[in-house]
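Asker: Below is a structure I'd like to ask you about.
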Amino acid sequence: MSASKLQDDRDSIAKDRVDSVASPAPLQGARIEETIYNAELKEAIDNTRLDPFSRRAISLYFICIVGFLNAVSSGFDGSLMGGINAMPQYLNFFGYKEVGASTGIVFLIYVAGNCAGAFFAGPATERFGRRAGMFIGGSIVLLGASIVTAAQNRSMFLGGRFTLGFGIAISTTAAPTWVTELAPAHWRGRLGAMYNSCFFIGSIPATGVMVGTQEMNSTWAWRLPLILQVVPPTIVMTCILFCPESPRWLVSRGRVDEARAVMIKYHSNDGKTNPLIELQLREFQEMIEVRKMEPVWDYSALVETANARWRLLALSLMCINGQLAGNGLITYFLPTVFKNAGVTSTHTQLVYNFVNNILSAFGAFSGALVTDRLNRRPRLYIGSFVLASMLSIVAALSSKYGQPGNTNTNGANATITFIFLFGIVYAFVYTPLQALYCAEVMSQKMRSKGMAVHILISNCAGFINTFANSVGLERWGYKYYFVFVVWNVCACILWFLFCVETRGRTLEELDEVFNQPWPAMASARKRKVVIKEEGDREIVQVLDDDSKVSSA
């Protein structure tokens, strides 16, 4: 179907559409077609039944895996330091303690590198494209991995950590944007959610390797896991040269024919255009200004309108709440948390760390698979309350069964069980959405720079997950957990009041939602498409979810 034919069909339907405000009375004898968010998107999807097992779809999955490997790289590093920090070989070589200010600086310097890289990530991915952003970020990660592996003193190790953080910021800004923009509109949730869930594809081998290398009586106990960080970025840099660029980025540069060719290749069953492709292209062209390129260092688009400020608020909520849910305790200081629960053996701590990552991976991928079925808003505010409850139980059990000399193994095992459950719930609620939701709430004009701000805000909040956690755990032990219990309760309230529902809407259709006085509440309203046949005509009425419709 051509774009002009598709538009003619829509114009014809529009002539018969009855506005629900102007004509609130229901259509007697009408049938309810389906409860949906975006009627136009549903129409395009119904007319374009993409085969998820076609050769073209499978090719798209393999291409997205290249983007996923950037999350693998991030997961590898994040889990490495938590385990290495429990190794006597590492602590003795550099003269560190497992917790405290000096150890906090080791984690904090990575965050500083992330923050510095975030300022370059947006302009790099906007100017040169999403693929170039991943290549540049991967190159810097390779350099950082080489430095930390060869480190002979604290200064060299800290310099490598900063370099790693800088590179990861660029690659993890470009990659989720690329995956989200490359995916068909109705597959975006699943593919986008799978991106961040791949964090655990990196963390599982990282923690597994350390279980074995911990037995080495040399610095290779921690150097060997560190050198393995070069694997994911090497694969990304090699494969990205053969992958397509984001269609949205191509349209933003006036290369519409190239964008259409990419979408036809991966968003169709027969190599021809279809209603879904034309709908997305039309929305791209309506939203994107291609007359001139805005200055790459200009971030004013993020705050210049009420629409933009609401979008930035939604992004900030995910960045802050996702970092302050208590996940930093699990990611960076899990061996210490296990020690608070009564587990004193370093080997056992690392084994439990490995097990936790496997269980969390189960939670993350389960969450990713249902991302297109579960609404974001209730998932986040209910999930925050559950996390607060879980962490309260962990703190209570640790206070009773984690003390030195405790002989109640059942109590200690219960504590460990709830630590595992906390990790699973967090991975289910937040991990699939952290990158996806931030990309969804950004408009095309804001997206690449918004994702860079996402990295910046996340790492500012991550200061608590690194330096503050190290100091807090040293001074207060399990009592420090209640800081995150309180925040999760606050997050529950914030998500309920300000979270904008994005499921079931194209990225561009969300612009209408963010133009409402209170986008969060406006986004929670569904619409019903009601159809009544009159002669050879079909009268279409779009009603809010609180409207009543009589059906025959």
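Even glycines carry a Cβ here, placed using N, Cα and C.
What TrEMBL records for 58-79, 99-120, 132-152, 158-179, 191-212, 224-243, 312-334, 354-371, 380-398, 418-439, 451-468, 480-500 is transmembrane segment. The domain 'Major facilitator superfamily (MFS) profile' annotation in TrEMBL covers 63-503.
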Asker: Do any residues, 6 or more residues outside the transmembrane segment (158-179), come within under 8 Å Cβ-to-Cβ of it, and if so which ones?
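Answerer: Same-chain residues near the transmembrane segment (158-179) but 6 or more away: 64, 67-68, 70-71, 73-74, 77, 105-106, 109-118, 120-122, 124-125, 130-134, 136-149, 151, 191-192, 195-196, 229, 233, 236, 246, 435-436, 438-439, 447-448, 451-452, 454-455, 459.
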Asker: Report, as numbers and ranges, which residues of the same chain sit near the transmembrane segment (58-79): CB under 8 Å and 6 or more residues beyond its ends.
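Answerer: Sequence-distant neighbours of the transmembrane segment (58-79): 110, 134, 137-138, 141, 164, 168, 171-172, 174-176, 178-179, 182-183, 191, 194-203, 205-207, 228-229, 232-233, 235-236, 239-240, 243-244, 266, 331-332, 353, 357, 435.
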Asker: If we skip the immediate neighbours and take only residues 6+ beyond the ends of the transmembrane segment (224-243), which ones have a Cβ under 8 Å from one of its Cβ atoms?
Answerer: 63, 66, 69-70, 72-73, 76-77, 80, 83-84, 131, 134-135, 137-139, 141-142, 145-146, 148-149, 164, 167, 171, 202, 205-206, 209-210, 213, 216
Asker: For the domain 'Major facilitator superfamily (MFS) profile' (63-503), would you mind checking the mean pLDDT of the predicted model?
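Answerer: Mean pLDDT, the domain 'Major facilitator superfamily (MFS) profile' (63-503): 86.
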Asker: Counting Cβ pairs closer than 8 Å, which of 99-120, 312-334, 418-439 has the most of them with the transmembrane segment (191-212)?
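Answerer: Against the transmembrane segment (191-212), the leading stretch is 418-439.
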